[in-house]
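Novice: One structure, pasted below without further comment.
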Amino acid sequence: MKNQSVKSNIDWISVIIYIALVVMGWLNIYSSSLSSTDGTYEKQLIFILLTIPLIFIVLFVDGKFYEKYASIIFGVALLSLVGLFFFGKTIAGQRCWYAIGSFTLQPSEFTKAATALALAKYLSDTQVNLKDVNRQVQALAIVFLPVLLILPQPDPGSALIYCIFLLVLYREGLPSWYIWTGFIAIALFVLTLVLEPEYVILIALLVLIIMHFKGRAVDRNLILSAILLALISGFVLSVDYVFDNVFKQHHRDRFNILLGKTVDMKGIGYNTNQSEIAIGSGGWIGKGFLEGTQTKGGFVPEQHTDYIFTTVGEEWGFAGSVVVIALFVGLFLRVIYLAERQKTKFSRVYGYCVASILFIHFFVNIAMVIGIFPTIGVPLPFFSYGGSGLWGFTILLFIFLKMDANKVNEW
Amino acid sequence: MRKVLLPSLIIIAASLLVIRIFYLQIIDDSFKLKSENNAIKIKYDYPERGYIYDRYGKLLVANQASYDIMVIPREIKNIDTLEFCELLNVTKEDFIKKIEKAKVYSPRLPSVFLAQLNKSEFAAFQEKMRKFEGFYFQKRSLRDYEVDYGANIFGGITQVNEKLVASNPYYNSGDLIGKQGVEESYEVTLRGIKGVKYIQKDKYNREIGSYKDGKYDTIAVQGEDITLTIDAELQKYGEQLMINKRGGIVALEPKTGEILALVTAPSYDPGILVGRQRSKNYTLLYHDSIAKPLYDRGLLAEYPPGSPFKILTGLIGLQEGVINENTTFFCHHGFSYGRGRFMKCHNHPPAQQLHNGIYNSCNTYFAQTYMLTINKYNNPAYAVDVWSNHVKSFGLGQYMGYDLPTGKRGNIPTSKTYKKIYPNGGWRSTTIVSNSIGQGEVLMTPIQLANMMATIANQGHYFTPHIIKKIEGEKIDPKFTVKHETTIDKKYFPPIISGLFDVYNKGTASRLRVEGIDICGKTGTAENFAKINGKRTQLKDHSIFVAFAPKDNPKIAIAVMIENGGFGATIAGPIASLMIEKYLRKKITRNDLEIRILNISLKDQYAKLGGMAAASLIETTPKDSVMKAKMNKPIPKEVKITKADTTQEN
């Protein structure tokens, strides 16, 4: 009877969007890898078919299983990351794969779901109040423990993804200054790269002076303002120092391209330039399926993985791009909507994590492809080629859909 | 509030992405072009150019295969350079230079290593080509001239200039195009339409198949063959007669306006401007600024027509009613007019009527007629315009609209002309009387002279001269079948024609009669000057002759102009009569005359204008062995020119 309830209670809207994205993803992988002979699209088809048993397993497992064993799952996931240091296979300079025969598995793709479970489990404890600094530190520890293991692989893209958990914590009561600090830090970072650090500090000083006189009387605390200015100055100067002295040239280049500072289109700028050409040549309705000249010519590197969206842009045009973006946004909002109506805090937090993780991948990936974000290797969920990624995202999503289908029985 | 942050972020971020994508795909269209440059290569398939035939279907111009040796520098792998150079007959230094040049262009893309090899040059290389990795050949089609004459008629093929590439979307840089002659005027017909293939490239610039399964590809359309109105034998004969002379011959068929022969001298073998020697030879011809072998004198050379123009003066006098057939003027070796001015005339009986006025080419007669015509009206300006309109109705003083790309208008003065020359007025019939005998301001090209004769042969109408007879599967321009009527009534032509007929019987060309063919003709002489060492020097007169034949049912009208040939009857006259005989009878009975004309060389005359340029070596020389033999024969004594032959006339 359980089967019956899953079938009738599962959120079919999410499932249909999921299927649509996977199918579209495969068609674009097919188009972009048609000329290569290494069986890329056949392999992806196998990966997709293998998600079917995976989904059934996820759905048939008892709904309470995930909550009960969240900590263990998280522990196993962390161990798999640790294991990479000993048994990992290095591909393209990154030691983040397990090789099983000819197939490779990237554990960090699964760690996201495990982290989400662990965070949900931790926050669902009624004792936890995020106003408490100790709790804040513990929650952040759960989030950044995997980051510490992923960064040295090195995989900065995956590490970046974990920042999105801050939004989940905010939803659950993390003080808002964390978020504001985050936004201000990002803004200062970008400003420092564009302008000289002295100017950024000057701007900060001006803003603080204006706030001091225009703000409410309560805020007129000179000492606080001075501390703030000192912190900002310290941050700006250290960003400048890190950028110039700690970052490697190829890191710096990735930012410089975005800021329009480097114009070497044959070298480091090649990827972004080619993907912009491919997308830009799509026009309103694109060149048609299998008709993309840039796609066929293989001008865009990594087109079937991180740059898969260029195929959408070139062959399906603006119309196709908007449809894909709309489907993703629809899925995110649907998942948030479902999360908000969950009866347990555990499943609500988990749902929020799912939406956040999918969203940050989606945004960083497409923003990178269309040249408004530095080049960071982040896959487009359900679209990009690769078994680990597809299965990781599928498990992530379907665990939540299982919880959602199960909520009726949870009383 | 905390619930709203994530959905808001999602919507803001998605909007940001959509805006950026909209900018890339819709607003900034530079990416579209970049993508095409990136990924699509256009390949052209050039159709074979149409053949050219003469009026009887003799093949004149065909095509031949030629081979370009291509090289992709990066793909050259340990080849035997010595053997390679020997096969292609290039030096080792040349080889290294060419490879370096190709590398500079692109190490990955093909460059032309050696262009336009003919079949025999290529054959030896082809056998061993496998051994030379990095080299391959590209077949091209070149013109193959079946005849060694008619260069001015055919024109040639050359690479399009960049200006045309910019203005005409059909042509791409490096394409070939017809230049001059029928190659230019029938370019679109002859060339056909090239086929286009769009080829998808990959990032290594390799071809990976056709773009969109050939949806935009087009198949080449074969060029069409054309048949010219030219009589190849007559053309060839005309060019042979002109050896060692400068000038032009134009022969028309009066009934249709078809151009039977269009000879210019000096000329050259069209075959020397094909293939590897083309640029060398073309440069030689181009720089011969004195003999000007590339200048079509039949169409471009404007001369004062001299005496043949008297025919028009007579016709206009009749039409205007100032004379009739029996009007008599007296001539005592010339004609006094104005204040003590005198126009010389030559030795002939004093009393002249229209008929003998023509065959004696009496200056006085036509000067009087012209003055009567102008004085008929009170206003000389009006009178000149009346006269001018009559003349222009013969197709003179204008581009005639024939289907060859070059031409000159000539000049027929109007009242405007004289207003310019005499801004204060005061000019009258005596001022401009030189026009009456084809001097003064009157200028005509040989084709205009020929057309004038065709009009007279037709007794008052002409068809626009043209060189196209037939285009495979296409109608020729209907403007060539439109009859142009002159302003002269038909009834005034027979007396003039009978005068022209007696030019052969009693007049200036009486020695040039051809037994059994009634020819009507008129001699002419044009004075000319040249600057030699900065001094204006009078040179020997240009020799002119116009004619048509037979008198009844004319089949050919002809104009012959020989630069510095002397009196009309000396060289131009005999050439005209030989051409007429050749065309009507297909053979020559007067062998002595033929041999004499063939052996006349005006080289000494032309040497005064400046030394013969290096180009003279490749300009017309007889290749035909029969012709060579004839030219080497001594001139038979009994037909050697005598003074009496060259009755002086103006």
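Note that Cβ sites are derived from N, Cα and C of the backbone, with glycine treated the same way.
Keep in mind that what you see is a predicted model, and the values were worked out from it rather than measured.
According to TrEMBL, the protein has these features:
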- A:12-33: transmembrane segment (TRANSMEM)
- A:45-63: transmembrane segment (TRANSMEM)
- A:69-87: transmembrane segment (TRANSMEM)
- A:139-171: transmembrane segment (TRANSMEM)
- A:177-210: transmembrane segment (TRANSMEM)
- A:222-243: transmembrane segment (TRANSMEM)
- A:316-337: transmembrane segment (TRANSMEM)
- A:349-376: transmembrane segment (TRANSMEM)
- A:382-401: transmembrane segment (TRANSMEM)
Novice: Using a Cβ distance cut-off of under 8 Å, indicate which of A:45-63, A:69-87, A:139-171, A:222-243, A:349-376 has the most pairs with the transmembrane segment (A:177-210).
Specialist: A:222-243
Novice: Tell me whether the transmembrane segment (A:12-33) sits in contact with the transmembrane segment (A:349-376), defined here as at least 3 Cβ pairs under 8 Å among residues 6 or more apart in sequence.
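Specialist: Taking Cβ pairs at least 6 residues apart, the transmembrane segment (A:349-376) and the transmembrane segment (A:12-33) are not in contact, as fewer than 3 fall under 8 Å.
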Novice: Please give the sequence-distant neighbours of the transmembrane segment (A:382-401): residues at least 6 beyond its ends with Cβ less than 8 Å from one of its Cβ atoms.
Specialist: 10-11, 14-15, 18, 21-22, 24-25, 28-29, 33, 40, 43-44, 47-48, 50-51, 54-55, 58-59, 66, 103-107, 109-110, 112-113, 116-117, 304-306, 308-309, 324, 335, 338-339, 347, 350-351, 354, 357-358, 361, 365
Novice: Under 8 Å, at least three CB pairs between the transmembrane segment (A:139-171) and the transmembrane segment (A:316-337) (pairs 6 or more apart)?
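Specialist: These two segments do not touch.
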